[in-house]
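These features come from Swiss-Prot:
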MOD_RES   A2  N-acetylalanine
CROSSLNK  K92  SUMO2 cross-link
CROSSLNK  K92  SUMO1 cross-link
DOMAIN    242-420  domain 'PCI'
MOD_RES   K368  N6-acetyllysine
Amino acid sequence: MADGGSERADGRIVKMEVDYSATVDQRLPECEKLAKEGRLQEVIETLLSLEKQTRTASDMVSTSRILVAVVKMCYEAKEWDLLNENIMLLSKRRSQLKQAVAKMVQQCCTYVEEITDLPVKLRLIDTLRMVTEGKIYVEIERARLTKTLATIKEQNGDVKEAASILQELQVETYGSMEKKERVEFILEQMRLCLAVKDYIRTQIISKKINTKFFQEENTENLKLKYYNLMIQLDQHEGSYLSICKHYRAIYDTPCIQAESDKWQQALKSVVLYVILAPFDNEQSDLVHRISSDKKLEEIPKYKDLLKLFTTMELMRWSTLVEDYGVELRKGSSETPATDVFSSTEEGEKRWKDLKSRVVEHNIRIMAKYYTRITMKRMAQLLDLSVDESEAFLSNLVVNKTIFAKVDRLAGVINFQRPKDPNNLLNDWSQKLNSLMSLVNKTTHLIAKEEMIHNLQ
């Protein structure tokens, strides 16, 4: 490295002018011996003088050894003030070599892990974060120190401060950091943002992770952590279709597929959330794809429930509750229930949403088989009041799921979509052409018959 040149703090690449390796080899053992005798201040002054010579001569290896030796002696003597002071001093020296500072910071990072005294640890972290601020060549060390600081803050109950500290890091721009470690940092940022209920920032941070990364080897734990965090986020947003997709990703993970209990719970959640999602083309497509999964045979109740929503028949809510209520909310000894319809506020809300999906399914079936129906008859089929039925119908019309027009005075709903004038004209023209062709053919046949009879 020394032969190839070293980089100074101002960005200049310099070549080693004098090799101080022999001098440093001789001086360091002497200094270590003196430091153990309690003459630390004297030793540091000697080493600082030697450091100036090695730095001026651009001897990166020797400078690194001296910087590491200084902080090591301060640490072993437990002179914490002196340690922090020398870290600041050595990193700010004129034309300091970047590689030497990096070596010193890396050495100090090991001390952070070893120190048990919290105030001392926090002060050392603050010093190192100050030294590494804005320096690309020690960005990984700064990121790790920041993560350690955030963990300490969280353990002390200051989750908001922990989230704020960790958000400072833009680790997605750290090219020198391994992809796996980058993802770990981003997941930690997401977790802390969720802990302080900062859902918008969590959504922004989540987009920094490319899900293709989870196709690589040894990423299953990170994949599960990511999708569980995304489920928490989308549960707050009430986006059931997204939650269904997240559970499908968990279900498709090899380590989940390997354990029967885990994949069954994941598949149950997939089924329930796809049913809870409002009807649209994407939801309908996903329902049919999930229905084709052969593993549904092993959880028959959930398979039958999903089939109800793909069959073009009306459902009665009371019958559904009677047949599936206990299984969905409490489970059985063979198939434990999921937390989708738990006894919490969120679970009760999802249960109400399930009833809404049943009603919406029934209205779509009516729109398919009826052209006109009275409000009273529709309310009777839905087991709802007229006002409730009208509210559900209006919602589906607004979302363009179905077409309907309500004649309130007559109390009649018309599901027949009015035809476009151009289409009507085209149909009339086509039918007229067909009629004229038929008349022409008939006239021709009559004339033919007359000619045959005249000949006879």
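Glycine too: its Cβ is placed from the backbone N, Cα and C atoms.
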Spatial separation of K92 (SUMO2 cross-link) from the residue listed as 'N6-acetyllysine' - C-alpha basis, Å: 77
Secondary structure of K92 (SUMO2 cross-link) (DSSP, helix/strand/coil): coil
Tertiary neighbours of the residue listed as 'SUMO2 cross-link' (same chain, Cβ under 8 Å, six or more apart): none
